[in-house]
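Worksheet: the structure to be examined is printed underneath.
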Amino acid sequence: MQNRNTFSWVKEQMTRSISVSIIIYVITRTSISNAYPIFAQQGYENPREATGRIVCANCHLANKPVDIEVPQAVLPDTVFEAVVKIPYDMQLKQVLANGKKGALNVGALLILPEGFELAPPDRISPEMKEKMGNLSFQSYRPTKRNILVIGPVPGQKYSEIVFPILSPDPATKKDVHFLKYPIYVGGNRGRGQIYPDGSKSNNTVYNARTAGIVSRIVRKEKGGYEITIADASDGHQVVDIIPSGPELLVSEGESIKLDQPLTSNPNVGGFGQGGAEIVLQDPLRVQGLLFFLASIILAQIFLVLKKKQFEKVQLSEMNF
């Protein structure tokens, strides 16, 4: 009887362990699949190199345009829009991780001046929220609140991304001054060609690792190819693995050179970076400017009135 109870207890514990393991696996797998923009953040403390190059270009190799629109000047403690535009042909389809074709996604990285940050939800107007859509922005690092990232998100819906930005107040932040500041932006459309660990994705061209003769091409059951090349120097076999996605350009018996493309380049996306300038304007300076302009207008009005008065006096003297 005691042995039976022991067996039941062991069976129950094993069932619980397996259930917990499955739950952990599902949660972990979901987190990883949804968190790949984080990988770039983990690799670089600062996303902008000393040369000015944004590190996203290390994975997205093709060069494409990106644009940003910000106000020329903003007042302290004010919420404004930074609009990042990532243009591309909406008819294009990209190679997905499973080798099939699908719509392009987009992403953006916005590097603001120190002190500028994402506006809190209670400061964002309903009109701006409508322009933002259902986007969820995040800081590049908890300590770098002036650097914001977003993506991947559907490109057909978010080829223009509206960032709600809160300007700093020099009255409360002593390290912020009323100056002109640069803003940097990077934007990509489509998947990258290189993963953060340096390995290739299936969204790039694959080249021959040796010169020789293509002796065998095997189409793999789950997609992709296994290409065997007989080395031209000593005849030893070199096997190149091609994932599902790129189209094969070579055939068996063909003579190829070192680094010759074995596949087409399926990439239709790319990365671009740009910048803009924004002035953190002193309200007193604005008031002074308005007072100066008002004084000029009043002076012009008085000048016109004085001129008309002089003309009347002159006309009356002539009549006299």
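Quick reminder: no glycine exception, Cβ is built from N, Cα and C everywhere.
Feature list (source: Swiss-Prot):
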SIGNAL    1-35  signal peptide
BINDING   Tyr36, Cys56, Cys59, His60  heme binding site
TRANSMEM  286-306  transmembrane segment
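If you look at the transmembrane segment (286-306), the same-chain residues 6 or more away from its ends with a CB under 8 A from one of its CBs are 75. Counting other CB atoms no more than 10 Å from each candidate's CB, the binding-site residues Cys56, Cys59 peak at Cys56. DSSP gives His60 (heme binding site) a coil state; it is part of no helix or strand.
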